[in-house]
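Encoded as structure tokens, the structure appears first; notes follow it.
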Amino acid sequence: MSDWRLTENVLDQNIPETKPRESKTRLEEIQRLALFQEELDIIEELDDPVDVWYRCIEWLLETRFLGMETVNKMLDDAIQYLERCRFALNDVRHLLIQLAKIKQSYETPDELQQAAKQFYQLASKGIGLELALFYEEYGSLLIRMQRWKEASEVFHAAVSREARPLVRLLRNAAEFSRAYDLHNAHPSIHDAPYSSPFPPPRIVLGSKPVSSSTLPSKPKSFQVFSDASSSRDSQNASDLPQAKSLESEANTPNLPLLYDKSSGKRVEYSAFNFLALYENGEERSMEECRAQRYLSSIQPNTAASFPKVVPKNEISVHHDSSSSNVSPIYKNPVAEQSDTPTRSLPKNYAYVAKSTSPELKVFDTVMPVALSPKPAQKPPSPTIHTKAALADILDIFNQPLRSESLEKSSKSPISAQSSYLGTPLKNDENSSNSGATSLTGRSQEEHLDFIPSLTPSKNYPSKIYSPNKNLDFSHTASKAETYKNSNELENVKREQPFSELLPSTLQEETATGTTSTTFANAKRRPEDSNISPTNPKKLHTLPRSPQYSTVDSNSVLSPAMPKGYMFVNENQSMKHESSVSNPVATIPHENGKHDFGQLSPIEHKPFFPKNDDELPGPSGYLTMPYEEAMASLSNLPTLINPLDQSLRDLLFQVLRPSLLRDKDYHEHETSFALVEHIESFVSKIKPKAGGPGRRRSSNRHSLDGPEFHLFYPPNTNLSVISKLGQGAFAPVYLVKSKIETENGDVSQGGAENNESKLFALKIETPPSCFEFYLTRQAMTRLKGLRETNSILPVHQLHMFHDTSHLLMDYRPQGSILDLVNSMHNSTFSSSGMDEILVVFFSIEFLRIIEALHTHKIIHGDLKADNALLRLETVADSEWSPIYSPEGLYGWSFKGIYLIDFGRGIDLSLFEEKVKFIADWDTDLQDCIEMREGRPWTYQIDYHGLAAIIYTMLFGQYIETRIEVINGQRRQVLTQRMKRYWNQDLWHRLFDLLLNPTLHVSEENLPMTEELSKIRIEMEEWLVNHSTGGSGLKGLLKSIEKRKI
């Protein structure tokens, strides 16, 4: 009889054979075993301990120099541990470890019998009973032992239990069934001894055994008891039982039986809340519960605290726990006049207000009104005219109008605040004179204080920065009065208001204009949706990284303008009055659908004056003495929120004197009212085929098209061409301009000649000066260093009451994120850039971050879309293919631009002991200190840099996990490095950036020396590998030609 085995040897597929690797040494295997032992020491803290044992056993079976004693010991330890874990009973990795132990007994017949016993023990322990692998290997072993009946029972049990995977199990069971039918006629199958392959089921008390194996094959007959054949006379009388008197037992009184006499009526059932009987762990009688409920009906202040039972189809009656705060008009006059207890209402009754006077419509008297309960029905179908659908339609038509509901709510004695909070407020004279109360219960005086809404961590002090309430920011003194004591300014640049230049009708309309939304504490909000991938088939395109939004960009509304004032002659040129520096804009005529080839320019004055009392934050120029601001800044606590608006207002007062000395900083005593007009203009411009997005190069096609002209005093003419992108805080527009000073010279950072040059204009709402300040500070502190080439210059800042306008250089090559997405779209690959490119850009990032941190500047918002490509044109003869770390031979013209310093921090303004804490929603793009609510300083930039390098390497946003290594919590990457990468260098770099405080103490940050060492290693590697393959020069040249 031929031997039969499974066609699919699942065990051999899952358990690797012992194939020693020649490249290993005994020392390497011992070191690897020690690493596994470290993981096993902390296995109780891991989420998946089975994985550690499985990887360890799998590796041990491949070792060459470690003896079988070590392998067997680890197998026994693994089995002993996993058998105690209930979650590992049906884990396939646990079963594979058990099979690896059993496989050692697959040689001789005696060992096969021992292996069958081990399978029997696994079944008794419930290991692998839900896995098809267990039954397949068990049945294969029994067939090798010629135990076909037991094998058939094993496969039947597997199919009945629907072991997984079921499809493979059914296929193997069908194959076994065909082989069993062929051997069924052989007499040796029927003569072979039978023993159950599974242990008998446990018998529960009161249940009959089901398994036939527990019953004896031949039950014995009952034995009849008989006395021994001996003489009755020889028996001792004392051995016989004594006779008892039946008469004494009959006279014994029986025990009374307790039962309820039947009344002859139908059995009644009552419902009761038995939880009320055992309230607070004490048992109470039903009479006590009834009495307490009776007392609660006549004494509301002494109402019982146990839950109330609401019978079916009955509307519950709500009782207030206290009536001390209720106005007398809400009291029940019926209950006050009568001392008799209120009678309980029958079912289907509820309290309904009955009006006794025309002014009081609710809560006057309480009268019971019968309600007919509506049966619960399913939602009606919108296509079938059922009664329920008609009832819903009638309810819609019968509901009160919005104006009527508002009028009724105003007449109601319950105020809007009380209805919102759920309980009526006390309506007395004191409350009416104390000012309007907001929904949070704060008066108007309290809202004048700048109090941050930070919720500190429980492990850190709760004293977060909150300025002194005695500081007065409400006055709007002139600049001369503000700084007359400190002698800070001699000549203050301040444009004259143009309210007198506007028509009277326009002044009346702008007087009622809406103010911009105040800048609340920063909360994270995703960016605009127009940055999504343009091609739906290219699924690997990364979206823009999340931004931190604080206000709605649509909150600034422009007042209406008189039509008679806006239209002028088409050929009329812009004229400026000599007495005033008047900002003027020229926009296309928006009269329905018109052709952009025939535009009618409209000249008007877009900036409207506002009342300073209505202006939020620094945009209103709320000033305070310079000495007082510096004193408040020096008295800050050690833990502050860097984005708290009150702190930023204080910093603005400190920085304002130095900003006013800058000739490129301009403050306007007006509001900008053209944001909506600009948006309307750019929305009508049709982009090129390929879709919208933040593609800077795709906007060059509209240079010869229509323009939206703007004029900023004193002498800046801008022409809006198109929209570059939409951030969470501000839109960015492509503009062209010719910037000249009063003497006719080009302003700082401007064009080298009088021809038009392209710029980027960022209009931020609410206004902020910190991006302009930090960018200028970085350029000043790094002056003369090579790192200044990596900072995008800013040229002018115009501060209005509602917006700030930052003019900066325009770079059409795109950002690092655009480059990653472009490579995804061109190669349809999920990976990132070439490693040599990642090393080059990482060196540029490390160099600029080291320089900024050395000069106490934190960028605060490092991400892939805040770094622009800087690939300037260099002659091929002047550009060496070998990389130069010193920037020689044309390499100084290649690198990156850092942008968006708006969330940056100038540490020189704070004490050295000051640390920061995040008060916004965080994710994996933030450092672990921010996610865990711990203080941080430079860690935010280190994590941001790690996220950028991760995106360049893998083409994804960074994902990390926490591992305990050598007793220390470390952040590690979830992705594995490719085998041909320089893994050692990348692992050390990511470990340094993700775990900086494990390498340097928090007091010794920043760790510029450690980063400098790794940067030098990367530069040496890049010098040796810059000419391999396509070469670094060839890759950069292809990026320059690529349309990002």
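In case you wondered, yes, glycine gets a Cβ from its N, Cα and C as well.
Take the ATP site that Swiss-Prot assigns to Ala728, Phe729, Ala730, Lys762, Asp809, Asp865, Asn866: the candidate from Asp704, Asp834, Asp876, Asp900 listed for it is Asp900. Region 'Disordered' is the annotation Swiss-Prot gives to one range among 317-343, 587-613, and that range is 317-343. For the residues Thr25, Thr514, Thr550, Swiss-Prot attaches the annotation phosphothreonine to Thr550, which does not rule out the feature elsewhere. Here the binding residues for ATP are Ala728, Phe729, Ala730, Lys762, Asp809, Asp865, Asn866, Asp900. Their largest Cα to Cα distance works out to 20 Å. Rounded to the nearest whole angstrom, the C-alpha distance between Phe729 (ATP binding site) and Asp861 (active site, proton acceptor) is 13.
Over the domain 'Protein kinase' (718-1044) the predicted model carries a mean pLDDT of 90. Annotation note: Phe729 (ATP binding site) sits in a coil segment as assigned by DSSP.
Closest to Asp861 (active site, proton acceptor) in space, going by CA atoms and restricting to the binding-site residues Ala728, Ala730, Lys762, Asp809, Asp900, is Asp900.
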